[in-house]
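Student: Among the features that TrEMBL reports, domain 'TIR' is placed at 58-145. Here TrEMBL flags 250-271, 283-305, 333-358, 378-401, 467-486, 520-540, 582-605 as transmembrane segment.
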């Protein structure tokens, strides 16, 4: 195509845009003329709406008589580069003074398109003043074509009211080129001038502040992610959540040192296979292997909490008050449960271990075994609550992250209709009334939902690493478990452990403790293994609610359902496919390993 033909097509496109908006412009002008700009300006007050609560990305301020076509082209160009961008444009929104003020207040950026006479326009002046009062980010774009109102900047500033002149002298003015080959440069500069979310400032993120979500809602500070009860529980266990104080951080460092020391001491028990503190090598290996596993799980969860992924999730993707209340209730309930489990397993473990370490066999031996018994006994008194508390804290953090990802996906539904934003998806579905959803609303929903889903999958991939390690160990244990089951549950008086169990009652308690709480065969194993399958509930709930959501436009609803069908919400990373079918593969592994250890314990119990 020749340059002449290309230019002709561009001119034709602009003429069509002018014709398309001419009637709308005429009606808007009539409505404006029927109002008194000065009195109306005094009647409305702009609001400094927080970044996350703004409905539009751009408010397009311009003089209609010579900039309508250019602004339409500008909008199309920005939409191509800024996917999902939303615009307040007079021909699509409420063009009254009140409507314009609302648009400025709820836009992250106010883009002022400079053409001849814009500083004389009373309505453009009002929009500029509102932008200043509401602390909106200003972007100045100037027409460069003389045929379409290219302004003389000196004259424009001279004719501008004194209180607005600083806008033109203190902000960069970006030239707007109609030639598509140069338009890219203008769009690039505009996007670079867009407002930054102040909450995503690196220095703020690194500050010692608790994690929050939903800023700009009912509370400007937002809602804290973790309930106070969980924060206290984790602090006692030596887990320093984001926002923890200096004392908690120091205690967390001490706990890591204690865990490392305990792991080394447990390894030393492999070299002392005698006395009332020794049962067998299998139980010691379980404890030794559990130390790095818990350390890895907790480390991954804490690093993830402090990552940009979680900052982005909390700051830009969650605005779901009803789900937030449910999360706090669940957190309180689970914190009480894990505190009970930690206490129970710690007391159970103390009964199984401490009588052995503090037995006269060690304390009256007169050699190094005295130090051995006292050191191990004191360490176990301190370490067991920390050991189990850290383990359950890490699992609760993983559960909370699943909940937050679900809240981000539900927040995307706010884009469909204002009723969903104010009442929540579940409340609207229960009410059973149809909602009006336009194609543009659906497009905004699709963009936001897709971004939240991408974050969800990235967070899944980060949490998967310790789960991979866990399952590799479980797979390795299958061989021993099958062998143990093959031996049956009948008594075996020839087992070398039987005399130990008959001589020391605490070893019987310890064996029962491993059956119930082992991280590889007992309750700890099942909780860790099945946690990713909790995503099945979120997938079912989301699918159920979306099916029951009634659209007034059936065509839009069909497009909505077709879009959602493309996104799998279950936990799926590499070989770990937490789907209903996946249970048929992974649960048998857990069953075999659990039965293998139970059969081993039953042989011993039957022998004594």
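One-based numbering along the chain as shown.
From the backbone N, Cα and C atoms, a Cβ is placed for every residue, glycine too.
Fair warning: this is a prediction, and the values are worked out from it, not measured in the lab.
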Student: Looking at the stretches 283-305, 333-358, 378-401, 520-540, which one shares the most CB pairs under 8 Å with the transmembrane segment (467-486)?
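Tutor: The stretch with the most contacts is 520-540.
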Student: For the domain 'TIR' (58-145), what is the mean per-residue pLDDT, to the nearest integer?
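Tutor: Over the domain 'TIR' (58-145), the predicted model scores a mean pLDDT of 88.
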Student: Using Cβ atoms and a strict cutoff of less than 8 Å, what residues sit near the transmembrane segment (378-401) while being 6 or more residues removed from its termini?
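Tutor: The answer is 225-226, 230, 233-234, 236-239, 255, 258-259, 261-262, 265, 290, 294, 297-298, 301-302, 304-305, 310, 327, 331, 334-335, 338, 341-343, 345-346, 349-350, 353-354, 357, 459, 463, 517, 519, 524, 527-528, 531, 534.
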Student: Would you mind splitting the domain 'TIR' (58-145) into helix, strand and coil residue counts from DSSP?
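Tutor: For that range the per-state counts are 42 helix, 21 strand, 25 coil.
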